[in-house]
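What follows is a set of notes on a single structure, which appears directly below.
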Amino acid sequence: MEYKTMRNKTKVPMLGLGCYKSEAEEGIRAVRSAIEVGYRHIDTANFYENEVYVGKGIRESGIERSELFVVSKIWPTSYKTPETAVEYSMKALNIDYIDMYLLHWPGLNEYARYHAFEALLKYKEKGYFKEIGVSNFKKEHLEALTEKFGIVPVMNQIELSPWLQKKEDYQYCLEKNITMTACVPFAKGCILSEPQLERIAEKHNKNVGQVILRWNIQRGNCVIPKSSKPHRIADNFNIFDFELDEEDMSVIAGMENGNSYCSDSSVFTGDFWNIEEHLLDREKGRIS
């Protein structure tokens with residue numbers, strides 16, 4: 001495993017397990033498998049509705065809590081009343097603290113966004129979180145948050161792939177020493193048959209997914225591929241025994257085409273889901 005030292009001097013494992021849509025036994029098994037292989041960075045969120053299973057997988061692995069870097073996130077519909085989301089994350093994960101807690105999206109309501117961030121700062125002071133950050137924030141969102149609080153977020157989790165390199169946001173985060181975590185690195189699987197990447201993979205006797213993960217790490221990004229299949233989780237971990245050369249990096253740098261597989265953070269509200277309905281569904285037994 002390779003580690004990155006963030007601005008606050010905390011070391012974060014650069015490869016993590018993304019847990020989006022990993023539910024019930026599948027989610028528990030995925031987390032256990034990842035930890036067995038050597039993953040030490042686990043990423044979840046309120047919206048994924050699986051913090052309970054992620055927490056159970058962590059406990060069943062038998063690993064010491066201090067060896068893990070656990071990330072969760074609050075959804076925009078909770079920004080006006082963040083207490084419910086935070087308390088639920090802690091209860092569902094059933095761990096002593098969360099290493100990094102993120103605003104999942106900027107949302108369109110600036111007041112609510114700032115209210116939530118201020119609340120997270122207070123929870124950090126209480127020891128709920130080691131650090132707080134953001135997700136899916138563009139340069140303008142980061143600048144506005146910094147101007148409001150005088151604080152530069154430690155982490156920004158954003159969609160990054162060879163097709164979507166977000167060069168302006170990437171450069172801004174580099175300049176401000178904001179650790180970037182790349183989510184959706186495989187463009188929901190669409191990029192895995194890209195011929196240029198296939199040639200690079202063949203050159204290194206690796207697969208395309210491994211090349212993409214290695215590319216992110218060599219650019220200084222953490223990266224959190226999502227998988228629930230043990231063999232793929234193991235494959236994704238097998239990226240620390242090779243390096244891409246300058247030619248490889250140059251080829252990938254030229255692959256940008258702007259294709260995104262997530263929502264546009266400038267207009268995304270996330271108002272189709274809220275944690276109160278999720279908790280009600282659990283209470284009434286509609287979900288486990």
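Using N, Cα and C of the backbone, Cβ positions are placed for all residues, glycine too.
According to TrEMBL, the protein has these features:
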DOMAIN    21-253  domain 'NADP-dependent oxidoreductase'
ACT_SITE  Tyr48  active site, proton donor
SITE      Lys73  site 'Lowers pKa of active site Tyr'
BINDING   His104  substrate binding site
Protein Cβ atoms within 10 Å of His104 (substrate binding site), excluding its own: 25
- prompt: Just how many other Cβ atoms lie inside 10 Å of the Cβ on the residue listed as 'active site, proton donor'?
  reply: 22
- prompt: So what's the mean pLDDT when you look at the domain 'NADP-dependent oxidoreductase' (21-253)?
  reply: 97
